[in-house]
Structures are given as structure tokens and as C-alpha cells.
Amino acid sequence: MNKLYSLFLFLFIQLSIKYYNAKVTVDTVCKKGFLIQMSGHLECKCENDLVLVNEETCEEKVLKCDETTVNKPCGDFSKCIKIDGSPISYACKCNPGYDMVNNVCILNECKNVTCGNGKCILDTSNPVKTGVCSCNIGKVPNADDKNKCSKDGETKCSLKCLKENETCKAVDGIYKCDCKDGFIMDNESSTCTAFSVYNILNLSLIFVLFSVCFFIM
């Protein structure tokens, strides 16, 4: 029993150290985005059509690199740069510490890491920078398969879902704070409101009025 307890305590401490040393923590406020959790890390996800300029900040993405968009974000962890030459040209380049792989900027340490049902992250608990797999919720690294995300396993949600009528949910392989069952997000107030029969009737009434106005016109 003592050996089992010691092993559990060791794993708990290692996981705590990893989350503590990470740039994104449970207390991070994502600018124009929201916090998510996978098996081994936390990260910010951007709202629609925005991209990450750093671990905590999302901004609007430019669609083309030219003289008017130099230093503007053109993708996650990338920006437009000017290339001197004849003629002068412009390109989308990854931020320092990242490399372009299949048109996506990934950490230098992750170029040769394949995770499967997850993604490669920087192992912040290791003094030597290495890439490790953080898995989709429901999967964990498999020591018998080069630590790829090929093993079923559970990960406890550590997100602080503090808004009223909000809870932690597993959605598409990640944990995120979402409205409880029976509630829906009100985009104007950014709060979870009850999705009652009253709401449905209001929507139906709006649809009927719109249809009547359309046919009258």
C-alpha cells in the first residue's frame, strides 16, 4: 500500500509541476479566446477566424502578406515578413521557436514527434527541451507505443468554470467550460441562460412574423 501511495504521490507532483511551470495555467485569461485542457496541458483556443500570436492572445488573421501587412499575424504563431531582394517579396513566417510543417507552425522540438490522438507540446518539467504528447480527452500516452496517444485513459478536468450555470465538458477531445444541460450561451451577455419552452416559443413567433412580412413584401 505504501509503494502504491508513493507512486501516486510522485505522479501527482510531476503533473502539478508540469502545469505550474507551463505558460498557460488554470488562471490564464485568454484574450479573445477561451481556455481548454488536454491530457497533459492547458492552452488558449481562439474565437472564430482569429489566430494565436502568443500562448495567451488571439488576433485577426490577415489573408495576404504584402507591404501593408508586415508583422501582422498570418496564422497561429506566425506573421508576415518582408524579404529583401529584387524584386522585394513578402511571406508568412513562423515565430522564433517554431517551424513550418504542412503549412502549420509547430514547436521546433515537435518536428519529429507523432502523437496520433493528440498533439506535441514542450515538456516543461524536463530541463532539456523535448517534445512530448498531450492526448485528446479519453486517451493517454502509451509507454509501449513510444508514448503516442494510443491508450484509453481518463484525465480529470482542472478548469475553473466559475460563471453561473457553467460546467466543464468534454467536447471533441478537449475539456472546455460550457453551459450546463438545459442552458444556452447568450452571446450578447456572454452568460448561460435557460433554454426553456418560452425561448422556443419566442423563436417560433419571430419566425412566423418574419415569414408574414416576407410574403407581404
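Cβ from N, Cα, C; glycine included.
Keep in mind the model is a prediction, meaning the values are calculated, not measured.
Of the listed cysteines Cys105, Cys110, Swiss-Prot assigns the disulfide bond with Cys120 to Cys110. Looking up Cys65 in Swiss-Prot gives a disulphide bond to a cysteine among Cys46, Cys80, identified as Cys80.
Between Cys92 and the candidates Cys58, Cys74, Cys115, Swiss-Prot records a disulfide bond only with Cys74. Secondary structure at Cys161 (disulfide bond), taken from DSSP and collapsed to helix, strand or coil, is coil. Beyond the ends of the domain 'EGF-like 4' (153-193), by six or more residues, the same chain brings 19, 26-27, 34-39, 42, 45, 117, 135-140, 199 to within a C-beta distance below 8 angstroms of the stretch.
Only Cys168, from the recorded positions Cys74, Cys94, Cys115, Cys168, Ser196, place their Cα within 10 Å of the Cα belonging to Cys161 (disulfide bond).
Taking the disulfide-bonded residues Cys115, Cys149 in turn, the residue surrounded by the fewest other Cβ atoms inside 10 Å of its Cβ turns out to be Cys115.
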